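Enquirer: Right, I'll just put the structure down here and ask away after.
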């Protein structure tokens with residue numbers, strides 16, 4: 001299958017899952033977390049009204065240049081049935097947004113969620129591909145610059161990119177226009193001390209597909225080893241019979257291994 005066809009199939013799968021989520025959950029759509037055009041959240045709320053609920057923030061992938069929150073509600077299908085709130089984050093993808101802006105936006109989205117939803121029994125992050133990179137940057141935030149200190153209990157980093165230097169010379173960087181300086185300051189692999197300072201209590205799951213590309217597998221393995229060496233709570237999940245795309249698409253299925261790993265963590 002050609003690359004364009006693979007991506008089209010991926011987008012179709014995420015859209016289908018999101019449509020299903022919108023049929024089974026209560027929703028609050030386009031909730032602003034900032035003044036920017038793309039700074040909005042979609043919130044998927046369980047029908048049960050528990051006073052304190054776990055909440056998962058999902059940051060979508062798309063190489064920082066495609067996809068949106070509109071295709072990012074799919075994981076709510078199994079989770080809202082278990083009483084978990086799911087928040088899909090929108091951010092300004094390239095070329096409209098640059099890397100510094102996207103990182104700042106997802107950090108502010110987390111702050112906004114905490115301020116808007118006070119009855120959270122546990123806060124969790126999940127990101128895929130570029131979204132896993134952005135989630136790792138959230139974990140590596142110096143929160144002294146913000147009005148809150150998020151207590152993130154768990155993070156699920158799926159097929160992520162944690163060192164941006166290797167993509168500088170690739171087509172992925174064409175709309176991003178990252179310099180080496182920008183790539184260095186936005187590479188989670190170089191911010192492990194800050195992650196330890198900000199998120200030492202967070203249980204981190206780094207997941208990678210068995211059939212992911214060698215570079216994605218290497219990045220996940222290297223980042224896992226860096227966090228493990230730093231003494232952080234981290235596990236590496238090598239998911240059999242998955243590639244870069246269906247590893248996240250299958251989170252719509254409550255019987256999928258990674259869904260069960262996440263459900264155990266959040267409930």
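Heads up, the Cβ atoms here are built off N, Cα and C, so glycines get one too.
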Enquirer: With TrEMBL as the source, which of 55-59, 60-64, 65-69 is set down as motif 'HGGXW'?
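Expert: Going through 55-59, 60-64, 65-69 one by one, TrEMBL flags 60-64 as motif 'HGGXW'.
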Enquirer: For residue 129 (active site, nucleophile), which residues in the same chain are close in space, meaning a Cβ under 8 Å from its Cβ, but six or more apart along the sequence?
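Expert: Those within reach of residue 129 (active site, nucleophile), by Cβ under 8 Å and sequence separation of 6 or more, are 61, 62, 63, 158, 159, 160, 161, 244, 248.
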Enquirer: Using DSSP, how many residues of the motif 'HGGXW' (60-64) fall into helix, strand and coil, respectively?
Expert: 0 helix, 0 strand, 5 coil
Enquirer: Helix, strand, coil: count each for the residues of the domain 'BD-FAE-like' (41-139), based on DSSP.
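Expert: With helix first, then strand, then coil, the domain 'BD-FAE-like' (41-139) has 36 helix, 26 strand, 37 coil.
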Enquirer: Indicate the candidate from 212, 244 with the smallest number of other Cβ atoms within 10 Å of its Cβ, considering only these active-site residues.
Expert: 244
